[in-house]
């Protein structure tokens with residue numbers, strides 16, 4: 001039967017819990033539930049998904065969670081069922097003590113919409129605690145003269161439950177002397193032992209009683225106190241307090257040890273029966289840990305720091321007991337006054353760590369809760385954003401604020417914000433708290449790369465090594481990440497039929513340009529490029545810049561000597577200087593050019609070596625070879641000059657040319673002087689190798705034989721020949737020196753001055769050949785008027801009747817070649833084209849058959865002026881005068 005009743009009571013209790021848990025109401029953003037205490041973990045509290053108008057699976061998707069501050073989490077969300085369940089065992093007495101209502105409040109946050117709902121859950125009491133006495137035994141001493149009806153206060157029982165589940169009545173065990181009376185003070189029931197009959201110690205010294213306390217719950221719980229009454233001699237006056245209740249107010253920041261007040265009780269008895277001691281009634285709680293009562297003086301002092309936020313009010317029960325044991329009770333009501341000792345608390349409930357820079361004003365960043373544990377004005381909190389930042393705080397429900405953007409953000413201006421929030425209370429002095437939020441502004445590709453200059457110019461010396469770094473371009477992109485990663489490229493163009501990429505390349509990451517070939521200033525001087533810088537954003541942005549690459553000239557070309565040119569047969573050209581030449585006489589001119597430009601093409605001439613020092617000088621800038629002094633008889637017939645031509649580059653480059661100058665008044669003089677000069681046997685003085693000595697000796701012998709034969713022919717045919725006078729016309733723009741060969745012997749006929757003007761561009765030179773200077777000829781103009789016999793061989797006489805004859809006659813301008821016949825005309829034209837002018841000393845009114853002239857030279861007439869090797873070799877063999 002007993003088990004059946006327990007089963008029925010258990011079912012009723014479970015049904016009651018289920019009904020209470022489903023009771024809730026929603027309105028004005030607040031949800032209320034009611035649930036009994038002591039439920040198991042995971043017990044159903046309410047269908048929160050339904051009350052939030054959501055489906056159960058949306059709880060996780062929309063980030064629905066519980067937000068509570070400063071308290072252990074008592075409830076949790078079941079994402080599968082969408083219900084609110086208990087997170088653990090809930091003890092109402094632990095949470096709310098003996099408060100009439102026990103309410104637990106927290107907030108439900110919908111993360112995606114930043115919505116807050118207030119939830120209030122009432123924890124209802126169940127009869128899970130029995131009334132309990134703080135001590136199991138109580139000893140009461142009563143004098144035997146105590147008058148019946150006297151009441152003796154007993155220890156009260158304590159039941160932490162509330163309502164009907166709390167302490168309801170007391171019951172005293174049956175006896176003959178005592179009864180039980182219960183008094184109510186401020187809702188609390190205090191038992192009193194009433195003496196019904198006079199005591200007689202001699203009959204019975206000790207009385208054993210049992211006081212029972214029970215509550216009104218189902219089932220009923222009870223507790224017992226065992227009372228031992230000791231009969232004493234007469235003490236009929238208990239101590240009496242000066243007032244039944246003491247009131248005191250104290251600030252929460254008073255130091256430990258401070259005396260609050262002094263209670264006082266008096267006893268009308270005398271002696272031992274009047275000795276009063278004070279006792280602190282140790283009711284359940286922590287009163288004895290906070291306050292101390294001096295049992296002798298009645299002083300109440302503080303043992304522990306007070307905190308208004310923990311407890312605002314204390315009720316202290318004290319007893320005054322005399323020597324025999326009579327006592328009386330009083331209350332001390334302590335009110336704790338709040339002081340501004342708590343700074344505001346700022347809690348970031350929800351935070352968005354990154355915002356794109358194109359976000360508009362009003363974009364939510366964070367949900368913030370502010371709270372101050374103080375009360376009144378000390379608990380009034382204001383919060384604001386520090387600094388001039390583009391953010392605002394908007395009030396939400398309760399003490400929640402939304403942090404939003406005040407305007408659109410720009411990543412290039414500020415990529416990261418350190419937002420400082422300050423919460424200040426209204427106390428005096430005010431207390432404040434700061435919290436910091438780091439917000440990143442996400443970059444978008446809204447800026448193209450930009451170059452530091454609108455165009456670039458670079459200079460590279462020619463003959464650069466392949467692969468050398470030429471130049472570096474740099475572009476900046478204010479974006480970040482891939483949006484700021486720049487790739488460099490060259491625009492496809494062509495130069496001289498080849499793509500630009502075959503000349504230079506660019507590093508796509510660094511922007512450094514490299515030469516893919518060695519440049520030549522003489523081929524091209526500049527290169528126009530177009531460099532493109534593109535970022536890696538989506539879509540990519542780009543910009544272009546022009547780059548002008550100029551090739552700088554280097555001194556890489558040796559001066560090139562145009563005149564005198566080296567003969568093809570390896571001989572050295574010979575120039576003629578008459579012995580009658582005055583100082584400053586122009587012998588010849590060295591002409592050279594340099595393919596370089598600028599300073600690298602500036603040429604200077606100097607005489608490196610001369611067989612007769614001090615006889616000739618070379619113009620520093622003109623290259624003209626002139627006599628320094630008059631020629632003397634003791635001067636050697638052949639003078640050797642080495643002329644160096646040097647540019648002004650760094651390092652300078654130079655070229656040399658060797659000139660051979662023959663000193664004579666006429667060609668016969670040259671021949672006569674050459675026949676009288678013997679070769680030198682001193683190899684060191686001549687500076688010639690053995691091979692050259694042998695060659696010169698052989699040529700000299702041939703030359704002497706030729707002279708002898710020529711003189712014999714002249715004597716033999718003296719009576720048959722008449723000299724012809726002819727005037728030679730000057731030719732402009734021809735080579736500087738010419739020779740007429742007769743059986744291998746060449747005579748120098750003409751020199752003339754030249755003027756060369758070179759510009760900075762070595763490719764453009766101006767060469768001027770002025771009118772020939774007839775003063776520079778070997779024989780003066782007057783020589784055309786003189787008549788000298790000319791020896792002609794027998795072959796010439798035999799061909800006298802030939803119709804193709806050449807006639808050289810004197811004119812007012814010089815000696816002229818006048819043809820007679822078609823072949824003669826071609827020969828004269830060749831003479832003029834070869835810059836050939838006959839000397840009237842040797843030919844005067846001389847008519848030569850063309851066939852005879854060919855036989856004498858053994859060559860065709862267009863090659864006459866080019867065959868001078870024999871004479872040159874012969875002249876080289878003549879020893880120079882020391």
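Each Cβ is built from the backbone N, Cα and C atoms, and glycine gets one as well.
Taken from TrEMBL, the feature domain 'Cadherin' covers 75-133 (among others).
Look at TrEMBL and you will find 134-241 (among others) tagged as domain 'Cadherin'.
According to TrEMBL, the domain 'Cadherin' annotation covers 242-346 (among others).
Under DSSP, residues within the domain 'Cadherin' (347-451) fall into helix, strand and coil as 4 helix, 55 strand, 46 coil. Sequence annotations record features per position, and here TrEMBL assigns domain 'Cadherin' to 347-451 (among others).
The domain 'Cadherin' feature in TrEMBL is assigned to 452-561 (among others).
The domain 'Cadherin' annotation in TrEMBL covers 578-681 (among others). For the domain 'Cadherin' (578-681), the predicted model reports an average pLDDT of 82.
The signal peptide feature in TrEMBL is assigned to 1-29.
The transmembrane segment feature in TrEMBL is assigned to 688-713.
Most Cβ pairs under 8 Å to the domain 'Cadherin' (578-681), among the stretches 75-133, 134-241, 452-561, belong to 452-561. DSSP assignment over the domain 'Cadherin' (578-681) gives 14 helix, 43 strand, 47 coil.
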